[in-house]
Amino acid sequence: MQPAYVPPDVELEGAAAERDESCFDQSLNYTTFHVAGLLPGLSYALTVGLESDGNMLALSTRTFSVGSILLPGVEGRLSVADALDAGAQLHNARDRATASRIYRYVLEIFPDHPQAQHLLGFALYQDGELRQALPYLYRAVQSNESDQNFHNSLGICLKSLGRVDEAIQHYRRALELNPMQVQASINLGDAMQSQGKWEEALKEYSKVAKAPMSLIESQVEPGKAENVAKDATGRMCELIRVTDGWYHADRCLNEALERWPDEPVFHNDRGNLLANAGQFETALDEYKRSSDLGLLAGKVSAQYPRNVHQSHV
């Protein structure tokens with residue numbers, strides 16, 4: 001395999017021009033050739049021969065191009081994947097305006113790129129532009145129906161537009177693709193709870209709350225796994241309060257505090273629960289503990305403990 005076309009702005013030097021070609025994988029009538037080190041913007045010619053008993057029966061040459069992006073202000077060509085990674089880093093740093101410009105630039109050149117559609121659609125959703133986001137998220141799913149994250153993001157947007165039944169379909173599809181997709185489980189739980197389907201909601205919250213931390217860490221941004229587990233646990237305990245009463249909810253919160261003894265939200269939630277049950281002294285202890293751990297709601301509740309049973313802080 002050799003370069004068939006080199007853009008004038010690309011220089012082939014040393015290791016940058018080297019490729020790592022590996023063996024063919026043959027399966028039935030298909031043959032796969034693995035290669036790494038392709039340079040963005042180049043076209044390559046691949047020649048394949050059909051040989052039998054030492055005789056060359058046929059030769060076939062195919063050319064293909066490696067997609068590339070020239071981003072304004074960035075020296076050199078980037079692969080599409082690298083351009084989207086740059087956009088995603090800005091996106092995660094909350095610079096959605098610049099990230100969206102990169103996504104749009106990619107889509108100008110590759111209008112059917114599913115990941116660019118997904119990222120731009122989700123950025124628009126986060127900016128509150130739900131109706132603009134929806135077509136991009138739909139097209140991403142249509143381009144790659146087997147991506148669990150695409151279905152989850154589309155479900156989030158649909159639910160925000162009040163189309164809960166459609167959202168549930170996409171959450172369920174995400175979970176068919178990956179039964180332990182934690183964000184889709186929480187989102188499906190929220191959607192089920194909004195429809196009064198308590199048991200189904202509780203099943204999804206419990207699945208995430210009890211999931212191994214390593215599993216959650218593999219799916220979320222670094223440092224956020226514990227917050228996801230706490231969030232699912234809090235939702236689970238609150239739903240248990242609604243369905244099974246304060247006693248079972250108290251047991252749920254006690255188990256949560258055994259796991260996270262310094263989580264102020266759980267101390268405050270337990271204070272609210274006990275205050276509603278008329279156990280004001282114990283509730284006050286929980287509010288003080290929550291306050292000591294830095295939660296403002298705990299400070300307010302500690303000052304007005306006997307009013308909490310009328311209105312949760």
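Yeah, the Cβs are placed from backbone N, Cα and C, and that goes for glycine too.
The repeat 'TPR' annotation in TrEMBL covers 114-147, 148-181.
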DSSP-assigned states of the repeat 'TPR' (114-147) in counts, ordered helix, strand, coil: 27 helix, 0 strand, 7 coil
For the repeat 'TPR' (148-181), the number of residues DSSP places in helix, strand and coil: 27 helix, 0 strand, 7 coil
